[in-house]
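Data block below; observations after.
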């Protein structure tokens, strides 16, 4: 990026007019000297650095982070209700660890989609296609995030009572899944990506957040993770439904391609609306606070109308927004429930 310093390059003599007449041009500070040149170069460098940082943030796809933050918050809320206390430091470390792995997984996805020729000029993620970042930038940034996640997990070992083998099993299971989604085996490319996401950003993340708080593994988080896992899977399925044609041309296979447009539409609605039936059942059988997530139903119906009209513009982002608010209201409902009102808590 080059800047224009606005100076005229005239080979002739230069004179400057003062009140007292013409002055010696040598007495006037040069507009094109080294100091001015350094200033001019510093401005585009500063702008370039800001754009670079913004590019790194966008490459993480931060709109998708609800899929990893809400499970951590849910697992922590379940631990709070069952034990009456919450370690905020452990919660923050757990959140950073899971978000770091999620962000690194997104970067791995970007790198392998680009290297396999799947991303193109019309793709939603054009980080590498438009040369916003170079492939080596994505690689080292992903490695940095994986390292950050491991450091947080290492700290959790000292702060949590959870046994090392259990902590390592859950955490590195999630880390491996985030990489193998597109790297290595590439579950995404053989129609297994939906299953990986459903497990990783549902039961696994909720169980991890719950276990580091209470110090042991339990089946309870798995049961409470179901509504949130379905909503999270809806994000991925909306993305795959939108990219059905381009994915087919690239030679990869997703669940959306296997079942076709009509069944993909029906599956999306199932993933979006089934959690509301679960919340209604919990609200009528146990406590009215579990009806809080129903406040998001109007937004869910707007998503149904959007996918029915085959308008996929920002559909994954809007589905992630629903996932965030649905998860937050779900967590509020658990926290506000009377003591002993919810099963197994």
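Using the three backbone atoms N, Cα and C, a Cβ is placed for every residue, glycine included.
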Annotated transmembrane segment segment (source TrEMBL; candidates 166-187, 188-209, 210-231): 166-187
Cβ-Cβ under 8 Å with the transmembrane segment (138-159): same-chain residues at least 6 beyond its ends: 56, 59, 87, 89-90, 93-94, 96-98, 100-101, 103-104, 107-108, 110-111, 127-128, 167-168, 171, 175, 212
Long-range Cβ neighbours of the transmembrane segment (274-301) (under 8 Å; 6 or more residues past either end): 226-228, 230-231, 321-322, 325-326, 329-330, 332-334, 336-338, 341-343
